[in-house]
Each structure stands twice: as structure tokens, then as C-alpha cells.
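Undergrad: Mind having a look at this structure? Questions to follow.
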């Protein structure tokens with residue numbers, strides 16, 4: 001019998017418990033696995049906070065995930081850094097809001113290594129970061145999170161920023177899609193295995209939406 005996402009993720013607790021575990025994980029500098037709806041992309045992303053991001057964590061994203069590392073930012077932060085959309089007309093099925101890619105102007109070599117990508121992310125997200133400190137294009141791909149978070153758009157981007165806000169961290173995070181060893185996209189069963197191998201909590205975008213609604217009541 002094929003189990004659905006709810007059944008597979010239940011081993012990590014109730015939706016509220018899963019969010020609370022994820023909050024604790026990112027506060028402690030660890031990662032989480034975030035799944036979107038089965039009817040949407042039905043994929044899982046490895047996520048870290050920008051506050052605690054390390055080169056070792058970035059290397060795991062590059063080695064065990066798709067390697068396309070994205071930086072989730074609020075609309076205000078993206079505007080402040082003058083990050084224009086990657087394209088004028090977004091034809092993405094899920095309207096993923098990529099901006100032009102970035103690179104730190106200082107402290108990097110080619111920009112592609114794990115250490116260089118962390119430097120770029122830290123440069124963009126530090127207090128007082130300025131647009132002229134970033135070169136464009138680069139090897140880090142910023143994403144704009146919709147205002148309102150997962151209650152507005154049920155994407156990994158919004159889930160990442162919402163989770164960091166719930167954890168009282170900088171409202172920005174890094175994500176990368178988890179892939180299988182054969183190069184295909186990992187689905188929920190494979191995400192669960194990956195999480196257990198790396199001792200990471202699992203939650204869904206829907207969990208975050210339910211948590212936010214409950215806490216607002």
C-alpha cells in the first residue's frame with residue numbers, strides 16, 4: 001500500500017510538533033527538510049538559517065542535493081539589495097520568484113565553492129548589507145518570498161522565511177532541493193530516509209500554515 005505524505009511524516013509527530021522540532025533545529029544551527037504539498041511540486045528541500053550557515057552545511061547541499069542553492073529573502077530585503085527579477089515575464093508553473101543571481105565582491109575566488117557561496121550569503125544578509133557589495137550574476141540564486149508567507153503562497157520559499165521568523169532568526173534562509181543518487185528528484189519516502197540518515201526533522205509547508213493559524217487564534 002502506498003502511503004501518503006501525512007502518513008509518512010506522522011513518525012515525526014503532529015503538525016504542530018513537527019514545526020516546533022524544526023524551530024528548535026534551526027535555532028541550534030541545524031537543518032530541516034521541508035516538503036511542499038503532494039499536489040504541488042511534491043519535493044523536499046534541505047533548509048538552513050543564514051545566521052548559522054556553515055561551509056560544511058553548504059557542502060552537503062552541493063554534494064547531496066541539486067546543487068542549485070537558493071537564498072530566500074523577504075520582498076523588502078530583495079528590494080533593498082536591488083535584486084531585480086531574473087526575467088521580466090515569469091512563466092514558471094509555480095511562479096518561483098528568482099532574482100538575478102549574486103556573488104560577493106570581496107572574500108571569494110571563483111564564487112562556486114561551498115565556502116565562497118557561504119561568504120556571498122553572509123554578505124547579502126549581514127546587518128547593513130549594501131547593493132554595491134554584490135556582483136551580478138553569480139553562483140547564489142536569491143528567491144523573493146511573498147508577503148504573507150505560506151498563507152499567501154504555499155512554496156518552499158515562503159515556508160523557509162516563515163520558519164526563520166517563527167524561530168526569531170533573521171528572516172532569510174538557504175534551500176536546495178534533495179535529489180536521489182540517480183539524479184531524479186527525491187519524493188517523500190526518499191526525503192524521510194535522507195532525514196533519518198542526517199538526523200534532521202521533517203515538516204511540511206502545510207504544517208507551517210496550520211501552526212501560524214493556530215498561534216494567531
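Yeah, the Cβs are placed from backbone N, Cα and C, and that goes for glycine too.
Copied straight from Swiss-Prot:
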BINDING   40, 41, 45, 153, 154, 155, 156, 157, 177  D-ribulose 5-phosphate binding site
BINDING   41, 156  Mg(2+) 2 binding site
BINDING   41  Mg(2+) 1 binding site
SITE      139  site 'Essential for catalytic activity'
SITE      177  site 'Essential for catalytic activity'
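Each of these features: where is it, how hidden is it, and who are its neighbours?
TA: In three-state terms derived from DSSP, residue 156 (D-ribulose 5-phosphate binding site) belongs to a helical segment. When Cβ atoms from all protein chains are considered, those within 10 Å of residue 156 (D-ribulose 5-phosphate binding site) total 28, not counting its own.
Other C-beta atoms found within 10 angstroms of the C-beta of residue 139 (site 'Essential for catalytic activity') number 19, with every protein chain shown included. The secondary structure of residue 139 (site 'Essential for catalytic activity'), as reduced to three states from DSSP, is extended strand.
DSSP gives residue 177 (D-ribulose 5-phosphate binding site) a strand state.
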Undergrad: Roughly how many Å lie between the Cα atoms of residue 156 (D-ribulose 5-phosphate binding site) and residue 139 (site 'Essential for catalytic activity'), rounded to a whole value?
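TA: A Cα-Cα distance of 20 Å.
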Undergrad: Could you say which of the binding-site residues 45, 177 has its Cβ with the most other Cβ atoms inside 10 Å?
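TA: Answer returned by the neighbour count: 45.
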Undergrad: Say you check the Cα of residue 139 (site 'Essential for catalytic activity') against those of the binding-site residues 45, 154, 177; which is nearest?
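TA: Nearest by Cα distance to residue 139 (site 'Essential for catalytic activity'): 177.
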Undergrad: Could you tell me which three-state DSSP class residue 45 (D-ribulose 5-phosphate binding site) falls into?
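TA: Where residue 45 (D-ribulose 5-phosphate binding site) sits, the three-state DSSP reduction gives strand.
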